[in-house]
Amino acid sequence: SVGFKAGVKEYKLTYYTPEYEVKDTDILAAFRVTPQPGVPPEEAGAAVAAESSTGTWTTVWTDGLTSLDRYKGRCYHIEPVLGEEDQYICYVAYPLDLFEEGSVTNMFTSIVGNVFGFKALRALRLEDLRIPIAYVKTFEGPPHGIQVERDKLNKYGRPLLGCTIKPKLGLSAKNYGRAVYECLRGGLDFTKDDENVNSQPFMRWRDRFLFCAEAIYKAQAETGEIKGHYLNATAGTCEEMMKRAVCARELGVPIVMHDYLTGGFTANTSLAHYCRDNGLLLHIHRAMHAVIDRQKNHGMHFRVLAKALRMSGGDHIHAGTVVGKLEGERDITLGFVDLLRDDFIEKDRSRGIYFTQDWVSMPGVLPVASGGIHVWHMPALTEIFGDDSVLQFGGGTLGHPWGNAPGAVANRVALEACVQARNEGRDLAREGNEIIREASKWSPELAAACEVWKAIKFEFDAVDNL
C-alpha cells in the first residue's frame, strides 16, 4: 500500500494557522480576498497561502521528500473588511527561503504569479507587503537616492520642477530639442520624454538624445544651473535599452528614464545597476500601473508596486498628484509617498499601510507629481509633497499663452513664492491663492498663466477609499 493518503483535502487543514508567530525574516502579505459564495474565508485565505507557496490542488507523494512545515506559506490572520460584504483581509506569511535574493521578478512570480485566477475566489487584491530586513539587504535599490541627487544637481530646500514635452508624439528631434531648451532656459530643472516616446519613425532615439543634450548644455551655460532631460531608454530588448543608456552616459547627461512595468522588473533592475555604476540618475514612469492597481477588489495596490520599485531601483517615480487629473486619495497617496522616501514607516491603517516597514538605510525615491496640474495647484503641491519631490507640469508649462519659456518662468516663480511663504510660516493650504496672486503682481508670465487656468478643475470622486 502507498504511504500517503491520496485525494483532495481542504487547504485550511494545512495552510490556515492562526496560532503562527510571524518571524522577523518572513515576507508578510495582506490580501483583500473576496471568496466565491459558500467558500469560508479560512479556506479562501488558506488557498491563497497554498497556491502562492508550496501547495497544489491534490496531495502528491513528493511532499514526503521535503519539509512542508519549513517551506509553506501560512495564512495566520483574517479580518472582515468594514463596510464590505464578503471581503476579508487575509494575512499570509512566507518563509524567506522561498525567494531568490535580489529578484523582484521572483518575488512577484511567487506571491502574485498564479493565485489570482483561482476559482474559489471571486476577486483578490494584494494590498501591502512587509519586506523583511534580511531580504531588503539583498537589493541595491535606487541607483543614488534623494540626498545624492540633490548634491549632483546642487539644488536644495525646494521641490524640483519638471515638464513632459508635448505633443508627446509627432515632433521631429530638432523641434523636440528646441522645446526642451526653452523649458530649461525658462527655469525648470528637468524636462521629460513621454513614456511612449521610444524610437519611432518620426524621431529615432539617437537623434533625440543628441538634440536634447545640446539643449541641456545650452540652457546650463545660460542659466548657471544644472539641468536634465529624462531620456527614455525603454526599448524592445534589454540590449537595446542598455545601448541607449550607454549613449546617454557618453553624452554626459545626468539622467535617463525607464517605463518599469511595461519594460519589466528584470530590465529595470539591470538598468538601475548600470545607472549606479555610471553616475546616471534613473527616472521611473509607471505606465500600465492602473491596469494592475485601479480596481478596489482585484489586482495590486500601487503601494506594493512602489515598494517593489524601491527594491528594484529608481531615483524618481510617478506617484499621482492628489489635486490634478489622475486619481489619488490624499492620505493613501501620502502613505506610499512616505514608503518611497522615508527610512522607517510605521503601520498605519488610516493611510493604507498594513505593516511597519524598515528600509535599513536603502536610499529613498523622489515621488513625482504629474497629471493635469498648473500654477494654481502649486501651494497645495508644495504643502502635500514637501521639498523632496518633483512637480511636473506638462500642459501646465507648454500651454502658456506666450510659449514654453514663459510657461517655465511662471512655474518657477510660483514655486519659489510658495517655498518662501512656507519658510516665513504662512499657511499654504489657507493662503495659497493669495500667495500666487501676490507673486503674479511682479511676474507678468505668472499673471498670464493664472488667467488661463483660473477655472480648470478635474473633480471626480476618487475610486480608492478605505
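Any Cβ shown, glycine's included, is placed from N, Cα and C.
Neighbour density for Lys166 (active site, proton acceptor): within 10 A of its CB lie 16 other CB atoms from the protein chains shown. Annotation source Swiss-Prot lists active site, proton acceptor at Lys166 (among others).
Annotation note: His285 (active site, proton acceptor) sits in a strand segment as assigned by DSSP. Applying an 8 A CB threshold to same-chain residues 6+ apart, the list for His285 (active site, proton acceptor) reads Glu195, Asn232, Met257, His258, Asp259, Tyr260, Ile317, His318. For His285 (among others), the entry in Swiss-Prot reads active site, proton acceptor, with the evidence type sequence analysis.
In the three-state DSSP reading, Ser370 (substrate binding site) counts as strand. As annotated by Swiss-Prot, substrate binding site applies to Asn114, Thr164, Lys168, Arg286, His318, Ser370, with the evidence given as sequence analysis.
Annotation note: Asp194 (Mg(2+) binding site) sits in a coil segment as assigned by DSSP. Contacts of Asp194 (Mg(2+) binding site) defined by a Cβ separation under 8 A and a same-chain sequence distance of 6+ are given as Thr164, Ile165, Lys166, Lys168, Leu169, Asn232, in order along the sequence. Per Swiss-Prot, the feature Mg(2+) binding site maps to Lys192, Asp194, Glu195; the stated evidence is sequence analysis.
Feature annotation from Swiss-Prot assigns N6,N6,N6-trimethyllysine to Lys5.
Here Swiss-Prot flags Lys192 as N6-carboxylysine, drawing on sequence analysis.
What Swiss-Prot lists as site 'Transition state stabilizer' is Lys325.
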Integer Å distance between the CA atoms belonging to Lys192 (Mg(2+) binding site) and Asn114 (substrate binding site): 36
Set of same-chain residues at least 6 away whose C-beta sits under 8 angstroms from Lys192 (Mg(2+) binding site): Gly162, Cys163, Thr164, Ile165, His229, Tyr230, Met257, His283, Gln392, Gly394
Residue with minimal Cβ packing [other Cβ atoms within 10 Å] among the binding-site residues Lys168, Arg286: Lys168
Remaining residues near the recorded Mg(2+) site, that is with C-beta within 8 Å of the centroid of the site residues Lys192, Asp194, Glu195: Thr164, Ile165, Lys168, Asp193, Asn196, Val197, Tyr230, Asn232, Met257, His285
Sparsest Cβ surroundings (other CB atoms within 10 Å) among the binding-site residues Asn114, Thr164, Ser370: Asn114
Count of other CB atoms lying within 10 Å of the CB belonging to His318 (substrate binding site): 22
